[in-house]
Every structure is written in structure tokens, then in C-alpha cells.
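These notes are about the structure you will find just below.
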Amino acid sequence: MTAPASEGSAQERSAQQGSAHVGSVLLAGGGTAGHVSPLLALADCLRRREPDVRITALGTSEGLEARLVPARGYDLEVVPKVPMPRRPSPALLRLPGSLRRAVQAADDAITSSGARVVVGFGGYVATPAYLAARRRGIPVVVHEQNARPGLANKVGARFARHVAVTFPDTPLRGATVTGMPLRREISLLDRTARRGEALAAFGLDPQWPTVLVTGGSLGAQRINEAFRGAVASLRSAGVQVLHVTGAGKDFEVDETGSGAPYVVVPYADRMELAYAAADLVVARSGANTVCELTAVGLPAVYVPLPIGNGEQRLNARTVVAAGGGLLVEDADLTTTWVEESLVPLLRNASGLADMAAAAASVGERDGDELLADLVSDAASRGA
Ligand SMILES: CC(=O)N[C@H]1[C@@H](OP(=O)(O)OP(=O)(O)OC[C@H]2O[C@@H](n3ccc(=O)[nH]c3=O)[C@H](O)[C@@H]2O)O[C@H](CO)[C@@H](O)[C@@H]1O
């Protein structure tokens, strides 16, 4: 496991490079928090290294970035969303026009921010940023979160100055393994020290073991339904639950009678507190979720999203092989599974401790510093 980088080591790194002055950078990523979390972690790291660096995020007005980026104190410029249709449709015929408008909006953001480097995190916001940067001769750095790269990053990687990947076996040629940039409230989290505060913040009770349930930044219908059906049995089994459902997917719980608390929240703005409260996590294996849980040493049951390009199964592969997590198929994640398999898992304290240690053994915590090194290098060398 990599030790968290201290402030001192960050400064040493910058000094060693002698080229850390980035000046102004455009960070492109949005849609889900899966792209926004690493963007914010990199922004924080660049700002720690260079307090007057100008940071501009490029996103859409519809994605989670519209709330999360300004909430963390960064400027957001928007591009129109360019959905990539999967089959011939009127939207496909309109694509060249909408892509052209998005590239122009990204180009305008480069001009107004004076960006010297464009960093993209994939997804539909990244494509116009990569194309605008190439047109302007501005160096591009690509960060791929997932074990299987998405389309935008495959395109960006063809002309990027640096390509960074989270997982060593991600097939992007010439990539540097930086790991995932994690927000410091997570990478430096001391779960034991923060547990009491975290339980109190969610109205949970220290006497019960705690399961955190999360379907990622948008929530997962199937996970939500499986747990919703098990509320009464979990409460009476003495298992307390913090269930983060995704915005607009929360539900009411009947808290009458005795039993452990079952707390439902639509979104956790302070995910580090949710992690500090938990003994075990049931989650989708989005790349950030996997990297955060291993960084903080939390055992987890991973339920990969069965659609998309299959990246979630691969994201969880290393931690599951190490013994830090279990893989459960989406179709098998039922109320019966929760009642019959999850409860015994939680009652096995020594088994959980072994899983926690195994999860921590594959956790990495300096992805923000390693990616910031590549951004500095790209800025110093220019186009
Ligand atoms: C459906 C979909 O498109 N999923 C993708 C999306 O997932 P998703 O957006 O769910 O991404 P991840 O699991 O990678 O990350 C979720 C992020 O949101 C944060 N968080 C989540 C819930 C919450 O209440 N509060 C909070 O802060 C987590 O701390 C984490 O930083 O991006 C990931 C990274 O590209 C991909 O691996 C997923 O396949």
C-alpha cells in the first residue's frame, strides 16, 4: 500500500521537477461523479502545489458537475451535451452539428481561461475538449478511471501528451499508471478516529454493526429494491444500514418498533463520513468507489453494473482476487440474498477484519500527486 503523500513530499516533487508552474488548466469531465470526483481531486492537488493556479472545469449544465464543481469553489464552463447514439437515429444525423458546437464551446473556454493544458477524464464532455485542444495545439493529458477505457479517452489518447490510467492492465498504449486521484478527505481518512462523529452525523447507533449501501453517484435501482425489501429483517437482525439511494430514488422507512436503525439518504455530500460509519459496504464497482474503498480499507460486496462496456466487473477484479471484496452478480442481488448471505457476513467479525486488511493491501492513495506531475510536465513542455 502506498503511504499518503504529505505536504512536504508534494513540494519536493514540484521542486524536483523545477517546472511545476501550470498557470492555467482546463479540466474536462462530467455527467456522473465518476468523472467529477477525480477532476476535483486533481484540482485540489494543483491548487495545493500552486495556490494561484487558474482552474476551470468544463462540464454540462445537466450533470452532477453543475452542483459539485461550484460547491468546491471552482469555476465551471459548460458545453452542450453531445449524446453518442448507439444506433442510426435522427440524433446521429444531427451529431456533426452538435459536436461542432460543443468543440466551439470548449475552444471558447480555452480562450477565456488561458489554459496551457487540457486534462480530460473521459465521457461526453471530454471529446470536444480533446478536439478543441488539438486544434489549438495545446497539450492534452488523459485520465482513464476504468479498467476498460471509454470511447472518448481512446480518441484522446491518440494525440495526448500523457495518458494516465488507474489500473495497470487498462489497454491504452503508452499509459502511465497513476492510480485514481482521490479527494483528500477520503485518501487521508482515519476511519477509527472519525467513526463516532460519522455515526452521529447520520443518526446511527454505535451498538450495531453498520452496512453502507451505495449504487454509485446515480444510485442503482436493483440494489435499492433488494434492500428495500429487507428493511424489516435487517432491523430485527440487529444490522444497521446507511442506504445512499441516488438523488430522487430515496424512500420512506417504517421505523416503528424496536430494532437497528435503517437510514436512507439520497446523496452523501460527505462520502468520507459514510465510509467512516461503515463496517461493510455493498456497492456498484464504479472505478472511484473501488479505489476509495481500498484506500480506506473497507471490505465490500461488489455488484457490477451488468450494462455499459463491462468495465465494472474488471474494476473489482484486483480487490476481489486479493480477498478484499466479494463479487455478486446483479441478478443474484435479491432481498433473499441480503437476508441469507449478508447478515452472516456481517456477524463474522474476524472474517471482516481479514477482508479489510486485504482491501487495504491493494489501496493506493497518491493518484492526485502522480497525475499532477504529468500535468506539470505537459505544461512545461508545451505543445
Ligand atoms: C452508470 C455509470 O455510468 N457508471 C460509471 C460511473 O459511475 P459512478 O458515477 O457511480 O462512479 P464511481 O463509482 O466511479 O464514483 C462515484 C463517486 O461519487 C461519490 N459519491 C457517490 C455517492 C454519494 O452519495 N456521494 C458521493 O460523493 C463517490 O465518493 C465516488 O467518488 O463512473 C465510473 C467511473 O468512470 C464508472 O466506473 C461507472 O461504470
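Placed from the backbone N, Cα and C atoms, the Cβ positions cover glycine too.
These come from TrEMBL:
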type	residues	note
DOMAIN	25-164	domain 'Glycosyltransferase family 28 N-terminal'
BINDING	Thr32, Ala33, Gly34, Asn146, Arg183, Ser217, Gln312	UDP-N-acetyl-alpha-D-glucosamine binding site
DOMAIN	210-369	domain 'Glycosyl transferase family 28 C-terminal'
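With a cut-off of 6 Å between Cβ and the nearest atom of ligand 1, the binding-site residues Thr32, Ala33, Gly34, Arg183, Ser217, Gln312 reduce to Thr32, Ala33, Gly34, Ser217, Gln312. Note: Gly34 (UDP-N-acetyl-alpha-D-glucosamine binding site) has non-local neighbours Gln145, Gly216, Ser217, Gly286, Ala287, Asn288, i.e. same-chain residues 6+ apart with C-beta under 8 A of its own C-beta. Spanning the listed UDP-N-acetyl-alpha-D-glucosamine site, residues Thr32, Ala33, Gly34, Asn146, Arg183, Ser217, Gln312 have a farthest Cα to Cα distance of 21 Å. The domain 'Glycosyltransferase family 28 N-terminal' (25-164): residue composition by secondary structure is 66 helix, 26 strand, 48 coil, according to DSSP.
Mean pLDDT for the domain 'Glycosyl transferase family 28 C-terminal' (210-369) in the predicted structure: 97. Around the Cβ of Gln312 (UDP-N-acetyl-alpha-D-glucosamine binding site), 25 further Cβ atoms fall within 10 Å across all displayed protein chains. Of all the binding-site residues listed here (Thr32, Asn146, Ser217), it is Thr32 whose C-beta has the fewest other C-beta atoms within 10 angstroms. Around the Cβ of Arg183 (UDP-N-acetyl-alpha-D-glucosamine binding site), 22 further Cβ atoms fall within 10 Å across all displayed protein chains. The C-beta environment of Ala33 (UDP-N-acetyl-alpha-D-glucosamine binding site), restricted to residues of the same chain at least 6 apart in sequence and closer than 8 Å, consists of Leu64, Leu68, Gly216, Ser217, Asn288. The DSSP secondary structure for Gln312 (UDP-N-acetyl-alpha-D-glucosamine binding site) is helix.
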